[in-house]
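Remarks on the structure that follows.
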Amino acid sequence: MSMSQSALIKEEISSVSFQFYTSDDVRKLSVKQIVEIESFDMLGGPVPGGLHDPALGPTGPAERCATCSLDFIECPGHFGHIELAIPCYNPVSFQTIFKLLKNKCFHCHHFKHGKPIINQFIEELTLLFKGDVVKARNLRERNVLLRGYEEKKKGKSNEEGEEVMESDESDSDKMDTDENKTNGKIICDGVFNAKEIYSGKATHIEDFKREVFKEFFGSFSGYAIPCGNCGAYSPRLRNGDASKSKLFIMPLHDKYATKNSAIKLPTNFSSVKEQTEHGTWFAPWEVLDNMKKLFENEKEILDMLLGHLVPIVTNKGGAKKNVGRQFTKESNVDSLFMRVFPVTPARYRPPNFVNGRRSEHPQNSHYKGMVKSNKMIRQSIDAGEGKAKFLVNSVCDLQMHVNNMYDNSKSNSNTNEVANGIKQILEKKEGLFRKHMMGKRVNYAARTVISPDISLETNEMGVPQYFAKTLTFPQPVTSFNYNQLAQAVINGPEQYPGANFIEDENGHLINLSKESQEKRIALSKTLLTSHPHAPRGVNKKVYRHLLSGDYVLANRQPTLHKPGIMGHRVKVLGKNEKTLRMHYSNCSTYNADFDGDEMNIHFPQSLLASAEIREICANNYQYLVPRNGAPLRGLIQDHILTGVLLTKRDTLFTKADFQAILYASCWSVNTKHPIVTPPPCILKPVPLWSGKQLISAALNQLTIGRAPLNLEAPSKIPTKMWGTKGLEITRDSHVIIRQNEMVAGILDKGHFGASSYGLVHTCYELYDPDVAGSLLTLLGRMFTNYLQSRGFTCGVDDLLMKNKEEKFRVETLKKANEEGYTVAAKFADLSKYDEQKARDFFSKALQSEREVARLDGLLKKGLNQYTSKVIDTLIPGGQQKPFPKNNFSLMTVSGAKGSVVNFSQVSCLLGQQELEGKRVPRMVSGKTLPSFQAYDASARAGGFVMDRFLTGVRPQDYFFHCMAGREGLIDTAVKTSRSGYLQRCLIKHLEGLSVQYDNTVRESDGSVIQFNYGEDSLEIGKTPYLTKFPIIAENYELFKSQFPMEQLIEQLKNQEVVEYNRSIKTQPELDPVMSKFNPSSDLGCVSESFMNQLNHYIESNPQKLIKTTSNRDGKINEKDFRNLMYLYYSRSMVSPGESVGLLCAQSIGEPSTQMTLNTFHLAGRGEANVTLGIPRLRELIMTATTKPITPLMEFQINDSTNKVETEKMAKYLEILKLSDIIKDITVQEYFQDTNRNYDIEIEFIPTLQQVLSLHRIKEKQLNKLFGEFNKVIKRQVKSQGKLKVNNGDIGLGSKVRGSDLVEDDSLTINDDDAPANDDTTNNDENTSQQQPSSQNKKSKSKVITQDDDSVAAKSKNKKKQNVNYEDGEEEAEEKDSDEGESEAEESDDKSDVDSDSDEISNSRSSNSFSDESIEFDQKKLTFTISVASDSKKVLMLGIVETEASKFVLKSCKGITRCFVNEKQVGGKTHYSIQSEGVNLSEIFELRDKLKIDEIYTNDIYAILQKYGVEACRQAVTSEISNVFAAYGISVDKRHLILLGDYMTFEGGYRALNRIGIENNTSPFQKMSFETTFSFLSKASLMGDYDTVTSPSSRIVLGQIVKNGTGSFTIVAPVK
């Protein structure tokens, strides 16, 4: 091994540019042309000129290279090449060629844009490449206006069929000269220096560049656009077979051929004289000729668009000289085509041996295909004209093989045997990028099962000796460690502690396992002697075994957040141990348990890495979780229980026991000082020590030489558990520690578990992390020792209840079962429950999901009261054994294990079983299980389990319970992958965000995302105690001892800040102090909220500790306290280099694994669905959707306490369908003459007039709507029977929404809202002028769809409704396909909506029906439909019911239903309206009736469109926060603010997916995310480059990431 790990690196890659190899490049690279199809001859030797020619390098260990004469290990391999018989398209750039051809003129071979417009684009791009994005954008805005003017002018002259007027020509000339002038000013000479190139890589520039490219290639690619230079019309091109990259040139349309011949220009642009209507094959060599001419004529703009960076070399005095770091952009037509194909070295295509027979590498098939096609083409060319068709096929075959080499997915072959292309090798998880270049596998790592060990310290890791002998560290030999390392060399690899290798000064390794004892002794003596030819200043190194005291990284997968990898101090275990050992307190950090989990350890190989692990990464420093700053480490289960038992009042010890426990816990702490036993707390009859004294003694031992601790904090166990008599302080529920003496309270999970503001957390903050770690170790040992003598168990008597409470339980549960019948009667509108009537009602009503949900809601609400009543009465008051004697109760209350839910399931009842948030579903028969009756209304039949585990669960109830359990298991399995991908998207986008030395948060390209991290520059882990002023004031001396206070104040004091803070008090309108000064260097420059809280504390002075004018007895001077808090703020600031982007991604990704997957949750009063959990996070973050699954708004009317008016407004905004006002439908069928007649009678609900007045629909409009409905029915009958309907014509009118026919002005809807549910009208009068009927129907048949179940439930039909699910889906599909509706149609809609109903009735009169056809009064509507008697019979009732459930009488676009919610504010009930669907424009129209400044909506895109990007940013933050809050998960707002800032940084709403990463400036980062091949192709085509600043790109190139400790370099002083 000649290369040493410590070899000095003299150069590193600072940037990488991407481009294609040209034919000349490939020829220079190649050592051999491949011409033979066969690779091996009959004897198995390589064929010269074949794919395994010896010149390409050896393929096996026994061979030597014919080119460089090196063996298999040393030879890197050499490229070959295949000369293609004809030029082929580069598969990557085929689409670009197609775009260029569409934009070029086939007559003058320029772009069709014309010179002035081309110059505009050149100007914009030059400014952009210089990095001046502001000037470029301003120029672009001006140019876009100019371009619009030019196009209009052109369009006019073309329409009139006239030549362009002379004046216009002179205008354009003048403009051209103007452009050239500015051109000269801006463009200079197309030379860019390295600084400009770096500054040209920014997110906004990438975004702008994409805009320009899109416009350039999109604006003139149309077929009917004449050339801006010569006025010629060019033919249309057709893109043929994708696998063979074929192009066809279509004949010129007669109209344009005439125009061309009029100005004496050609009309046939193909080499073939007779063209078919399908077009002529456009041969690649013809395309190449065309492209060459284009690249010659349009060099300047093409260099900008497709050029790659080329260093400028001058040729002074005959010698080539590189000019500084200057570059120019050059494009090359050769990069779009392939004349030569490179062949990879033979070592990368080794033959496979199966059963002794050699088979070639799959990739060879692509090369062979090319060689074969080459030969065919040459033969066809030699044969002449007769083989033309044969030639075309061979050319296509050659192109296909070239394409397959790049990407085999486009192959025509149906078999899966096509070898992988380059795309398949690079992409996906197993591809080159993600599996290899991003770094996955490492050396010096070990993995085995983990097991707990209580005698280890919390920061230690027990490592088996087997691992310790294999993992080594390269220790440089010095005079200080010579003896130790010499002994290690003598011991050798087998005897521990020994060494495995010695590395000499030249980097050569000596393997000690092959050396004898004598040789090892001899080698040990030469460790300090240096070789005469060795480089100076280099020591020998001994690869010694892993020793106790070394630091390793430990990791458990999945590593969801930063503490998933932590540093541990090694404790090497005995010979026979086989598992890794660790302390219990690390379990919650790694999310580990000991049921077979495995973990990895990594041994760092440099002293620098070891130092970072010890000082930054060590697990004592990972006490707080970055997600919200809460503690993560703590003692668990048995320890928590023992903590309660040890510190409660009646626990007393003799001197021997006390000292035994105290020594067992403190033997390793401050070992230079004796352990002091305090005086006993009880002297007579015998001296006894309490458990609280053990804690006091341990604290005294731990804090020797430091100020003692003062603490007051509540315990987790509630006060009521200790009884209700006496003072609260006598009930041990509040811990009080004074000067290290524990005087009251008990220690439980709240103090040494993973809980905030407890004893351990306070020690972590007031002393240091190592003290907190030692305290956890000490308490763990203490509790274990006590538990060994005390013991703990749990018996059946812990679970029993008193007789009185048992009776209460039985009676309450009887009532609960009857509650099912009560609710059912109420639901069915019966005065009392009648089984038959209820069953009939339920059999119809429960067909609708909406009604099932309503019944579930009512029953759950009723039954929950009974469940709560039973549990509250029985626990803890009804237990036979009271707390704390009751061990089961002790477990659940102290937080050791289990909860009240577990206790209640054992002793009270199991309660309501739910599946996906609903009660147990019914089968088709109406039963929940075969053992219950159909539509049984009892609570038990619906899954309410009244049994408990103590006395047994009946089979039916057990089955329900198992159903609910199974759902949880499936949920866990499914959500893992969903949340995993979500976290990956977050990580790849946010990885480059870090804090800089000016306190800003920047992307790796230097773009500023935030000016202060989280708006206050504070680190989340340092903020928990920042505003806990009482604790800091009580421990003032202890806290003060952490800082060299006077010295720091002197350094950081700034009088200007003091003055500014004073003036803010009197002038609150001034800017915050943080916007004027630097918080990291100016004392007192703190956030507004911190300043306000500090001022409030000092003014109120609750503990009277601060010395003020009103309180002279205080201990602490106000000025000193203020300065201390300012220093604390400075110390709590986020460190420069912190990877806040990664922390944000982990803090959102990690808790998402705890969410359940169930999508819907009932919001508000329990009727409107909202998406929650991972699906909601995905639509907010990953897709940044413009149409959320469940959009909703919430708003109030001006008088929000008025329930009646609120309900009226809710009704007014709701959609009203015909089925909502129908009571009954009857159809009579009879024959008359030669017709079959259907008399249809629709009976309306009695409250029709009230409904119509609420929705503001007039009778005149209703008549019109019924006429429309009649037409809809006829059209349905016609389509079902495919027959002619006799009564009058059927108009082409489609489904109609009522808002088209309602005259109320307030329902004028603007179309600038997100088109969530776009409904459009169809005017029958206009059908003759519109497109053919089929197209018309397609483009104008959008109806607000709603799940049909709800419609069925709301209509009061006596007949069973025929709900058709497929219809809903089809409509949804149709809606999607119609998204690109033209603006003209939209403006039509507006005029339709706004028009007066009288005009509508006039406009429709030409096609309306006579009064005999429809009869309508207040109670019913009748009409007749006639069809020919020989026609197929149709189910008329079904048609009418289905169409009535779809026919919209009135709607407010986007809003389907509204609910009224109520909440109590200041003793008053306030009502708000919650709508399903969002339409902000409509709400704005009603601003005189609604509180317009108090609208809430969860549709972020609608907020962006209406309120702008700042509101959008706030909405993103609050919506994500709401998703987590629903699951009780807290994520610090700083993470959410950062994510909101990142997503809205570009001024829009950016998705965290592959579309959102498009504007990222690092091609490597994009490639390592997704669609590697696509991003690589784009980078090569555009001549992109990577400045190697993003973490991904640095990892790809094997460099240290520039975040954290990599964000600076350490320079040694040179003396």
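For all residues, glycine too, the Cβ spot is worked out from N, Cα and C.
Looking at 435-447, 955-967, 1540-1552, the range annotated in Swiss-Prot as region 'Bridging helix' turns out to be 955-967. Sitting within 8 Å of the Cβ centre of Cys65, Cys68, Cys75, His78, and not among those site residues for Zn(2+), are the Cβ atoms of Gly57, Pro58, Ala66, Thr67, Ser69, Leu70, Pro76, Gly77. Calculated from their C-alpha atoms, the gap between Asp597 (Mg(2+) binding site) and Cys75 (Zn(2+) binding site) amounts to 44 Å. Same-chain residues lying 6+ beyond the ends of the region 'Bridging helix' (955-967) with a Cβ under 8 Å from its Cβ atoms: 910, 913-916, 920, 929, 931-932, 940, 943, 945-947.
A straight line from the CA of His78 (Zn(2+) binding site) to the CA of Asp593 (Mg(2+) binding site) spans 53 Å. Cβ atoms within 8 Å of the centroid of the Cβ atoms of Asp593, Asp595, Asp597 (the Mg(2+) site) belong to the same-chain residues Ile450, Ala592, Phe594, Gly596, site residues excluded. Here the binding-site residues are Asp593, Asp595, Asp597; the one with the fewest Cβ atoms within 10 Å of its Cβ is Asp595. Remark: secondary structure over the region 'Bridging helix' (955-967) totals 13 helix, 0 strand, 0 coil, with classes taken from DSSP. Recorded residues Cys65 (Zn(2+) binding site) and Asp593 (Mg(2+) binding site) have their alpha carbons 55 Å apart, per Cα-Cα distance. For the region 'Bridging helix' (955-967), the predicted model reports an average pLDDT of 88.
Sorted by the number of other CB atoms within 10 A, the binding-site residues Cys65, Cys68, Cys75 start with Cys68, the lowest. Note: the CA-CA distance between Asp593 (Mg(2+) binding site) and Cys68 (Zn(2+) binding site) rounds to 57 Å. DSSP assigns Asp593 (Mg(2+) binding site) to coil, not to a helix or a strand.
Asp595 (Mg(2+) binding site) and Cys75 (Zn(2+) binding site) are 50 Å apart (CA-CA, integer value). The two recorded residues Asp595 (Mg(2+) binding site) and Cys68 (Zn(2+) binding site) have their Cα atoms spaced 57 Å from each other.
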